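> Submitted below is the structure of interest, expressed as structure tokens.
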Amino acid sequence: MAPISKVFDYLVIGGGSGGLASARRAAKHGAKVALIEASGRLGGTCVNYGCVPKKIMWNIADLVAKMKTAKQNGFPNSQLGSFDWGMIKRKRDAYIGRLNGIYERNVNKDGVAYISGHASFVSPTEVAVDMNDGSGTQVFSAKYILIAVGGHPIWPSHIPGAEYGIDSDGFFELESQPKRVAIVGAGYIAVELAGVFAALGTETHMFIRQSKFLRKFDPIISDGIMDHFQHIGINVHTNSLEFKKVEKLPSGELCIHQQDGSTFNVDTLLWAIGRAPKIQGLRLEKAGVKTLPNGIIIADTYQRTNVPTVLSLGDVCGKLELTPVAIAAGRRLSDRLFGGIKDAHLDYEEVPSVVFAHPEAGTIGLTEQEAIDKYGESQIKVYNTKFNGLNYSMVEQEDKVPTTYKLVCAGPLQKVVGLHLVGDFSAEILQGFGVAIKMGATKSDFDSCVAIHPTSAEELVTLV
């Protein structure tokens, strides 16, 4: 083993959102910090293959959906031309490249040593890095080591021909728009990408094992989005059995063989069946770090593993796999380790999240059923509203996108324990109401706020 070449206070493995946030915060507290990233690009899944490029595509798809009602809003000569997928990919890639550069400059500005290479544990305080520049292996040590390597898409490798498909990362590598796509999966990634494909004109098919998708969300979200998907022509194949095999035809099309003997041809097959922690090659056993059978690193709300010198956060821990969660957890961890804030840690309760579908949806807190299970049915009061926003007032009924809200309250004070939104502007609306709910707002607090009229959000302070 090569000798230890550098000693740090803090080694961060993984240059995604959580690792970057924790490394930079630790450096600002005066710690000597190194950040190790294998891919050669900082930003992690969110910047390179997740939130950012996805939201770019969602924005474009949402623009298309809005433009389809232009004639009904007084623009009789308005018409959509063909969509230039390749041009958008080039511009999107360039934008992501600029973000990668910004992250690297910020790391350097904060005095964090950026190490480009593949890390593996040597001991609970030592990490070996195979350097990406070909210079060989170097060994680094630190008082604390943070594992923030994120996750990766899962593939059904047991299905013959599955490799002819792509995953959510592969979506952003597509050079041209497929005419016909099959998406396998029932989570938010499958739903979001299906919405983008369909809005841009791709014939879109979703294959899900159960009767609905987004089953972990409140029914107003899963049912609301599913109803609208079917209304706009997305083909949702429910109770679908696992494919028998996938065959690549001479034409380049993919032929999906189903269990009943039927076949289905598409240009692109996208697997969105889940994600797994990216722990391959880390040699966690050398540090003694414990994981669950599925590879998730066991860590508490203070991000502590079973090894005192090793911390972990983000998707690799399986707790609320959301970028802002990893960022917040990373900063609080560094505040505790190096900033003198002894009890700093992230509260994983009441974290808002959004599904950028068409229509978009947002949620915070408990679903109606979760609230009943926790407090008892007699202690729960639910308020619902469904309406068409004023932005659809000039639009024919069949082209309107309904908005649905649900407020879940508990106890004699009717504390708001859950809020679920489906409809335009849900993400922006939820951020503000999320603050109120995090502060312990009650239904009477909501009622005491004078409505802003005319808005969709005013419905939440006028519910009866």
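The backbone N, Cα and C atoms fix where each Cβ goes, glycine too.
Predicted, not measured: the structure shown is a model, and the values here were computed from it.
Pulled from Swiss-Prot, these are the listed features:
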- SER17, ARG24, TYR103, ARG331: glutathione binding site (BINDING)
- SER17, GLY18, GLU37, THR45, CYS46, LYS54, ALA119, ASP315, THR323, HIS453: FAD binding site (BINDING)
- CYS46-CYS51: disulfide bond (DISULFID)
- ALA186, ILE189, GLU192, ARG209, ARG215, GLY274, GLU321, VAL354: NADP(+) binding site (BINDING)
- HIS453: active site, proton acceptor (ACT_SITE)
> Select one residue from SER17, THR323: among these binding-site residues, choose the one with the most other Cβ atoms within 10 Å of its Cβ.
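The largest 10 Å Cβ neighbour count belongs to SER17.
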> Just to be sure I understand: of GLU37, CYS46, CYS51, GLU321, THR323, which recorded positions have a C-alpha no more than 10 angstroms from the C-alpha of SER17 (glutathione binding site)?
CYS46, THR323
> Calculate the distance in Å between the alpha carbons (Cα) of CYS46 (FAD binding site) and ARG215 (NADP(+) binding site), and round it to a whole number.
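It is 23 Å, counting Cα to Cα.
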> Within 10 Å of its Cβ, which one of these binding-site residues (ARG24, ARG209) has the largest number of other Cβ atoms?
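The residue with the densest Cβ neighbourhood is ARG24.
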> Let me make sure I understand the structure: which of the binding-site residues listed (CYS46, VAL354) has the fewest other Cβ atoms within 10 A of its Cβ?
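Checked CYS46, VAL354; of these binding-site residues, fewest Cβ neighbours within 10 Å: VAL354.
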> Compare the Cα of GLU321 (NADP(+) binding site) against each of the recorded positions GLU37, CYS51, TYR103, ARG331 and report the nearest.
CYS51
> Cβ-Cβ under 8 Å from CYS51 (disulfide bond), same chain, 6 or more residues apart: which ones?
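THR323 - these are the non-local Cβ neighbours of CYS51 (disulfide bond), listed in sequence order.
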> With a 10 Å radius around each C-beta, find which of these binding-site residues (ARG215, ARG331) has the fewest other C-beta atoms nearby.
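Selected from the binding-site residues ARG215, ARG331 on minimum Cβ neighbours within 10 Å: ARG215.
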> Between the Cα atoms of GLU37 (FAD binding site) and TYR103 (glutathione binding site), what distance do you get, rounded to the nearest Å?
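Roughly 12 Å, rounded to the nearest whole number.
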> Distance between GLU192 (NADP(+) binding site) and TYR103 (glutathione binding site) at the Cα atoms, whole Å?
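Pair distance, Cα basis, whole Å: 26 Å.
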> Could you state the whole-number distance in Å separating the C-alpha atoms of ALA119 (FAD binding site) and ARG24 (glutathione binding site)?
19
> How big is the Cα-to-Cα gap, in Å, between ARG331 (glutathione binding site) and VAL354 (NADP(+) binding site)?
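Roughly 22 Å, rounded to the nearest whole number.
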> Whole number in angstrom, please: the longest C-alpha to C-alpha distance across ALA186, ILE189, GLU192, ARG209, ARG215, GLY274, GLU321, VAL354 for NADP(+).
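Per the listed residues, the maximum Cα distance equals 23 Å.
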> Looking at the binding-site residues GLU192, GLU321, which one has the fewest other Cβ atoms within 10 Å of its own Cβ?
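Candidates: the binding-site residues GLU192, GLU321. Fewest Cβ atoms within 10 Å: GLU321.
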> Could you round the CA separation between ILE189 (NADP(+) binding site) and ARG24 (glutathione binding site) to a whole angstrom and send it over?
29
